[in-house]
Amino acid sequence: MFWRRAAHGRVGFRRSLPELGLLLLATLVLLEGSVLPLGAASSPETGITPGAGVSHGHADKNHSETKHKKPFPVLGLNYDSVKTPFEISLWVLLASLMKLGFHLLPRVSSIVPESCLLIVVGLLVGGGIKLIREEVPPVLDTKLFFYCLLPPIILDAGYFLPIRPFMENLGTILMFAVVGTLWNAFFVGGFLFAVCQIPHASLSHIGLLPCLLFGSIISAVDPVAVLAVFEEIHINELLHILVFGESLLNDAVTVVLYHLFEEFSEAGTVTVLDGFLGVISFLVVALGGVLVGAFYGFVAALTSRFTYHIRVIEPLFVFVYSYMAYLSAEVFHLSGIMALIACGAVMRPYVEANISHKSHTTIKYFLKMWSSVSETLIFIFLGVATVEGPHQWNWVFVTATVILCLVSRVIGVVGLTFVINKFRMVNLTTKDQFIIAYGGLRGAIAFSLGFLLDIEHFKDMREIFLTAIITVVFFTVFVQGMTIKPLVELLAVKKKQEAKRSINEEIHTQFLDHLLTGIEDICGHYGHHHWKDKLNRFNKKYVKGFLIAGERSKEPQLIAFYHKLEMKQAIQLVESGGGSKLPSAMPSTVSMQNIQPKNQPPPPKPTERALPQLTKGREEEIRKILRSNLQRTRQRLHSYNRHTLVADPDEEGFQDIILKKQKMMELDRKIKEMANYLSVPSHPKDSPTMSRARLASGRNTDFIPAQQQKGNKKSPGM
């Protein structure tokens, strides 16, 4: 019966359709004046605001008949109130969709780098906006770039920075970052000034200091562009850490040179004192940024020690302290990039020992997601800003800039490598030098620094500089970024090998570290292995106990690495669903502490073999013996050279001096005894006194009387 009623209801509905249409039309006519935008209802043009209508309700009561009362608005439109967050959401959505689309087209992404495709998308979006509107809004604002888009990328790079290869190649990285950047800035700026003096180039208004300022902007390698290209070609770890480390550490040089030449350009004069203060400023900017980042890193590690009962806010401390380090460095015009790198590198080993595995996963994936979106937006905004303009094209200046950037990079890398190889154990080959020189990409940092130039002071040069910067960025990203992968394959450059670390590898690595440290101590050469060992001992003795909670602070490095591997293997096993296939055995409490439910009953304890119990005093005595014999701190030995071994009288110890003195006293005593024996008459041949005299003197004939000597000569046995 129910289906019959339903059918009857549908027939009635068909019959009432004309009536419903008339009713809807009448409703729309009634509401024609009531559908007003919410912003218009509160705008000053209407003269009536919601608050004013309520406050003056009693005052206008007598005039209610003469005034027209507007009905309550049913639907409103107020885009201005949500314009900024709505456009940000649209840009993020566009970036995410573009990244998804590129990975769905593997043939395109294997030929063209992702950064190039994103810039093309930005050019198309900017062109579409310019067709719809007369002007393109300034999307790549300097504050937006430096305070919102750049920090996530640098924090991701600093937090997951491979510390061991970075520290082993720190000298090479600093040479490329400091000396190489200075060389590029002065080489490009000086030769550009010479180009500007050409009569028909129409560039005579650009002086030496503006050219050096432009050289400092365009000389720095961009970390965003390097990350985008080098992660796709999977270059080996050595070349990746050299180029990427250079792009991270040259920020201090770029900041100092930029502010230095900007002030010099405005002042117009340069003195020797200014140059000296510039060197001091570089040291302050670099070391100050590192110290600020290290301070916030230690504070973050100390805070994570007390988050055992509030696990949900653990990732928040990592992000907030890192961003505070960046902003604090920017407040004092220090290097914010170096502050972020130092903060991430310092906090990671201590934070990961304190936080839970879920918090670690949250930090990892949120940083990767945040940095990926920021990188995508930077390249899209770069394309949109290119369409925005304004530009002033000068063939001579732009062409000279591109050529000088390439030439200075090649000369700088080859010259510095010639010096560096004299001090390296593993020399950089010609192929390595080519990849380092060819991988010096420029990006959005140079573009943003160009936008920071004062319009009033650089009004005749700013547009030329921006056009040249965009050209160099496009040339390095498109030409060098697209051709570096085929060149790597053509030259057969060693690529990165994705190999999982094992306990065996960790044991041999630590063994070699201790062995090399001991060899350095024996030879008297205190290299980086010696200082690394000193730092590790200081870290274990003082820092870890203060920043790491519980027993994890006393855990040896090898055991901690084993627990980490065991945890990763257990999680992979649970995610793959292979836990039920394992034989029934007691799982490790370390590897399963964040996987098993908390309410699960504890597993039964296995039967342990009875061991003899030792008293606490006996245990402490055993520990003291082992500590003094097996883990004794190496004493400082006297340095020597195996080719020139010269006896050093000062090397004799106090015990040797005492032994020598005792031998001298004994020798004097024997001499006195010998003198006494010479003053008495001779004794018979075989007397005991004569035997003792012979033994004391060490000679057989000194104390034989003359008569006995003559008798011995006459004897037939002689």
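In case you wondered, yes, glycine gets a Cβ from its N, Cα and C as well.
For 1-33, the entry in TrEMBL reads signal peptide.
Marked as domain 'Cation/H+ exchanger transmembrane' by TrEMBL: 93-489.
Residues annotated as transmembrane segment in TrEMBL: 112-132 (among others).
According to TrEMBL, the transmembrane segment annotation covers 144-161 (among others).
Positions annotated as transmembrane segment by TrEMBL: 173-195 (among others).
Annotation comment: TrEMBL describes 207-229 (among others) as transmembrane segment.
Taken from TrEMBL, the feature transmembrane segment covers 276-299 (among others).
Cβ atoms under 8 Å from those of the transmembrane segment (363-387) belong to residues 91-92, 94-96, 98-99, 115, 118-127, 129-130, 136, 138-140, 145, 148-150, 152-153, 155-157, 159-160, 224, 227-228, 315, 318-319, 355, 443-444, 447, 470, 473-474 of the same chain, restricted to positions at least 6 beyond its ends. Per TrEMBL, transmembrane segment is recorded for 363-387 (among others).
Marked as transmembrane segment by TrEMBL: 393-421 (among others). Residues of the same chain lying 6 or more positions beyond the ends of the transmembrane segment (393-421) and with a Cβ under 8 Å from any Cβ of it are 171-172, 175-176, 179-180, 183-184, 187-188, 191-192, 195-196, 198, 201-203, 218-219, 427-428, 433, 436-437, 440, 442, 464, 467-468, 471-472, 475.
Annotation comment: TrEMBL describes 433-452 (among others) as transmembrane segment. Tertiary proximity for the transmembrane segment (433-452) is limited to same-chain residues at least six positions away from its ends with a CB under 8 Å from its CB atoms, namely 140, 142, 145-146, 150, 176, 217-218, 220-226, 229-230, 235, 239, 242-243, 254, 258, 378-379, 381-382, 385, 405, 409-410, 412-414, 417, 462, 465-466, 469-470, 472-473, 476-477, 480-481, 484, 487-488, 491, 493.
Sequence annotations record features per position, and here TrEMBL assigns transmembrane segment to 464-488 (among others). Cβ atoms under 8 Å from those of the transmembrane segment (464-488) belong to residues 111-113, 115-116, 119, 203, 206, 214, 217-218, 225, 228-229, 232-233, 235, 382, 386, 391-394, 397-398, 401-402, 405, 434-435, 438-444, 446-447, 450-451, 453, 458, 495 of the same chain, restricted to positions at least 6 beyond its ends.
The domain 'Sodium/hydrogen exchanger regulatory region' feature in TrEMBL is assigned to 585-693.
This prediction places the mean pLDDT of the domain 'Sodium/hydrogen exchanger regulatory region' (585-693) at 56.
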